[in-house]
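Lifted from TrEMBL, the feature list:
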type	residues	note
TRANSMEM	6-23	transmembrane segment
DOMAIN	44-246	domain 'TLC'
TRANSMEM	54-72	transmembrane segment
TRANSMEM	92-110	transmembrane segment
TRANSMEM	177-196	transmembrane segment
Amino acid sequence: MDPFSQLILTISVTSFLTFQWLFHKVSPWMSTRISPGFLGLSDKQKVEWNSRTVSTFHALLVGIFCLHILWFDDAVNEDPVWGDPTLVKTNVAITTGYLISDLLLIFYYWKAIGDKFFVVHHLAALYAYYYVLGHGMLPYFANFRLLAEFSTPCVNQRWFFEVLGYPKSSRPNMANGVAMAVVFFMVRIAVMPVYYSRMYAVYGTEAFYLVPWGGRVAWICSSICLDIMNVMWMHKIARGCYRVLRSARKSKASTPQENGKTD
C-alpha cells in the first residue's frame, strides 16, 4: 500500500472514531448545557438527538471543504474525471468514516433510529466512494455531490424544534423552515444544470471510456436516482413551507379583527 493510501485509510479510521466519540461523549455533554430540554427527552429521542448533532457537524465540515475544492482546486475543476483527487479523497475519506460510524449506530440503535432508506443510502454512497478512494476517478463529481450536505443542518434543526415542542408557527421554526427550503433548493436543485452540463461535456471522451462500467453505473445511475428523490423532497418541503407561512399570515391578519371585536 502506497503512503497516500495509508493516509486515506488513517483519515477514514480517525473519522470513524471521532464521530463515535462525538455521538457518545460530546453531544450529550454539550446538549445538556445548550438546551435544558434535552434532559426531558426519552432515551430513543436522546439517541436520535445525538445522531442528528453528529450529522450536523459532519455536514458543515465536509460542506465547507467542498466549497474550498470547488473554488481553489484547479486540477479537479479542469479535469473532472481524472484530475488530482488528493483533496477530494481526503474529504471523501472523512465522509466514509462518518457513514460507517452512522451505519453502526443505526444497526445498534435500530429501534430508535433504524431506517431502511438510510441503510440503502449509506451503502450506495460507500459503493460510489470506493471508486473515488480506490481508483481516484470522478473527483469533481464526487465533491459536487457532497455540496448537498449543506441542507442537512436545517433539516436536523427542524427535528430539534419539533421534539422540544416549538409550534410550527413560532418564529424560530418558520425562519428555519424558510432557510431549509432556500438552502435545499440552492444545493440540490439549482445546481443540477451545472452538474449535468459537466457530465455531458465529458460523456464519450477518452477520459469517460477509461472509467470502468461499475464506476459509470455508480456515477450516472446514482446521480439520476438521487436527483429524482431531490425533486420529490423539494416539492414536499416547498408545500410544507408554503402552508406554514400561509397559516401564519392568516393568524396575523385575524388578530387585529379579534382585538377590534373585544374592544
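For all residues, glycine too, the Cβ spot is worked out from N, Cα and C.
On a predicted model such as this, the values are computed, not experimentally measured, just so you know.
For the transmembrane segment (54-72), same-chain residues at least 6 beyond its ends with a Cβ under 8 Å from one of its own Cβ atoms are 19, 22-23, 27, 87-88, 90-91, 94-95, 98, 101-102, 143-144, 146-147, 149-153, 156-157. Across the domain 'TLC' (44-246), the model assigns an average pLDDT of 93. Outside the transmembrane segment (92-110), and at least 6 residues removed from its termini, the chain residues within Cβ reach (under 8 Å) are 8-9, 11-20, 23, 47, 51, 54-55, 58, 61-62, 65, 118-119, 122-123, 125-126, 129, 132-133, 142-143, 146.
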